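Worksheet: the structure to be examined is printed underneath.
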Amino acid sequence: MFEAILLTVITAATPLLIAALGELVVERSGVLNLGVEGMMIMGAVVGFAAANLTGSGTLGALAAVLAGVCMASLFGFLVLYLATNQVATGLSLTILGLGLSGMIGEAFIGVPGLKLPRLDIPLLSDIPFIGPVFFQQDALVYVAFALVALVSYVLFRTRMGLILRAVGDNHGSAHALGYSVLRVRFLAVLFGGGCAGLAGGYMSLAYTPQWVENMTAGRGWIALALVVFSSWLPLRVVGGAYLFGAVTVLTFHAQAQGIGIPSQFLSSLPYLATILVLVVISANRRLTLVNTPACLGKPFVPDR
Amino acid sequence: MRIELVKRKEHSQLMTVLSPLLAVLLTLITAAILFSLAGKDPIEGLFKFFIEPLFDSWSLQELLVKATPLVLIAAGLSVCYLSNNWNIGAEGQFVVGAICGSFLPIIFPDFQNALTLPLMLLFGIAGGACWALIPAILKARFSTNEILSSLMLVYVGNLLLDYLVRGPWRDPDGYNFPESLLFSDAATMPSIGFGRLTIAAPITLVVIVVLALVLSRTLKGFEIRVMGESPRAGEFAGFSKGRLTLFVFAISGGLAGLAGTMEVSGSLNQLLPVISPGYGFTAIIVAFLGRLNPIGILIAGFVLALSYIGGEGVQASLGISDKISNVIQGMLLFYVLACDTLILYKVRIGHNRRTASQGA
């Protein structure tokens, strides 16, 4: 029983983890992309459509990434090269994504989906308890684990990460040193988009293998909150994502047990938990100020 | 090819007016492409979407009905955005306002007199304002990000409505349908004209005029502007950032709540599990397209209302999904934001090899 719950927690946490990691990189470069929800839902619908038309889950996941990247490039172009307001542009990306996905997805409502196959890791999956929970998952769960390692390594152990953080903390100095602020940021935005798209693809290919309108149900926004929760540190994103995965799964189980609490109250728990977590984190000024990218949300127009 | 932004010495007045028009034009072109992608004649699609509704008395009236909540919500949002407070939870404030406004006619259906409707509207305003004050208080007290908290409350508000309509507020004689009882005449907005048009429209007009005066003629309006453009200067002048946050959130939440109550008591006459086709989010586009200016918002409200009716129109006549409304709305906001760059900057597209190799 406990093992089964843990399994579902991981599945519920994976899309949050992937999307939040992508957004973390974006925000570390100094850009706030509020369009995560829009990119995620586009990833979900395009991934589902591609998997359905080609019959391959892998191609579905790749298409989901591509959809997220396309959406992100739209955002990046406006925010970076036209210096538009980041909050408003991110919002419009979400509105556009929700509309566009609804239109594309109309042909796929009620169509049975394709579930990503389980991929057992040899040897490791035989370990009692740990094996079934961590090493008998679908491929995207491993991709999420790998992304955590990759992002923490690149951000804090490589020159590339140093440049990225420099651009996010002080774009004036980074520019003076000869780094192309806009190009670094654009690449970061594309990476974030790819992650959000993949997270959406996970929703429609593994979490609930079908297309339902607005199926991301605010997870993109929760991913944004997770980045704040993690105070921009990748390892803490993991903790946050699993915490939220656990909350989601517990509400499911509570509903199934029928413990007399209206289901709507249980469904609202993840959203209320998000607010609570944000309050707890932001009330602690010291914790947030240390890692907040200093140029977060500030537009940069190079003068030459 | 590279794009370079050159800062203008001062705001371009011409572009301030021209930019929304340019955005609408670009949206029309994109919409035409969308129609031809869907295998329809683009000219016919554009005509059915944007023009035909304007020549039909029923849809003209529907235009007013739909523009009313959009304008009202956007007016409140503009006050928030002008002061650099990002309330994006108007959808939730609309819903909670509608719930509070429906309290009287559902719980005390026999309370029917001249006070019923005014009290309902007051309840609605109070409900929306309280819902908006949650993120405002959290921001003022703990500096919690108001974008995320106000948005989370949209989901909570929708679930609350769902619970009430399926649970305690369900009409006992309603054959188990998830809907509340129908409001009495005393709890219904008086209609003007012959269709669904009610006094909500003139009330909205009054709100817009008052707002325009407050913003341009009063100290409060000045405070809102200063705190948005230069909070440091504002604080030296003795304005309190925290108190202003509470004020603007209460205003915009109150207006969204008023819009919600007028929607249920005017157009729907009862509470349903879903009462808004995303008015709270579309109003964000209205606010930006209208330059955060009351008069501009009035015009922009009609443009966005047209996008709803046009969507229904092409669905009926051409068989295109009415989701195209949301696509066109999202695109419009993109174009507005992009065109607004022209107000502050000149865009220079250069092929200069030296800068290209240097700046790449």
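Quick reminder: no glycine exception, Cβ is built from N, Cα and C everywhere.
What TrEMBL annotates here:
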type	residues	note
TRANSMEM	B:21-39	transmembrane segment
TRANSMEM	B:63-82	transmembrane segment
TRANSMEM	B:94-111	transmembrane segment
TRANSMEM	B:117-138	transmembrane segment
TRANSMEM	B:150-169	transmembrane segment
TRANSMEM	B:189-215	transmembrane segment
TRANSMEM	B:236-259	transmembrane segment
TRANSMEM	B:271-290	transmembrane segment
TRANSMEM	B:297-318	transmembrane segment
TRANSMEM	B:324-345	transmembrane segment
> Counting Cβ pairs under 8 Å that are 6 or more apart in sequence, does the total for the transmembrane segment (B:236-259) and the transmembrane segment (B:324-345) reach three or more?
Replying inline: no
> Considering only Cβ pairs under 8 Å, which range in B:21-39, B:63-82, B:150-169, B:297-318, B:324-345 makes the most contacts with the transmembrane segment (B:271-290)?
Replying inline: B:63-82
>> Out of B:21-39, B:94-111, B:150-169, B:297-318, B:324-345, what stretch is closest in contact terms to the transmembrane segment (B:189-215), meaning most Cβ pairs under 8 angstroms?
In response: B:297-318
>> Please determine whether the transmembrane segment (B:21-39) and the transmembrane segment (B:324-345) are in contact (criterion: at least three Cβ-Cβ distances under 8 Å, sequence separation 6 or more).
In response: yes
> Going along the chain, which residues at least six beyond the ends of the transmembrane segment (B:297-318) come within the CB cut-off of under 8 Å?
Replying inline: 20, 24, 40, 44-45, 48-50, 52-54, 59, 62-64, 66-68, 70-71, 74-75, 78, 205, 208, 277, 282, 285-287, 289-290, 324-326, 328-329, 332
> Which sequence positions outside the transmembrane segment (B:150-169), separated from its termini by at least 6 residues, show Cβ-Cβ distances below 8 Å to it?
Replying inline: 86-89, 91-93, 95-96, 98-99, 102, 106, 131-132, 134-135, 178-180, 271-275, 280
> Do any residues of this chain, six or more beyond the ends of the transmembrane segment (B:94-111), have a C-beta under 8 angstroms from a C-beta of it, and if so which?
Replying inline: 69, 73, 119-121, 123-128, 130-131, 154, 157-158, 160-161, 164, 169, 180-181, 183-184, 187, 253-254, 256-261, 263-265, 271, 275-276, 279-280
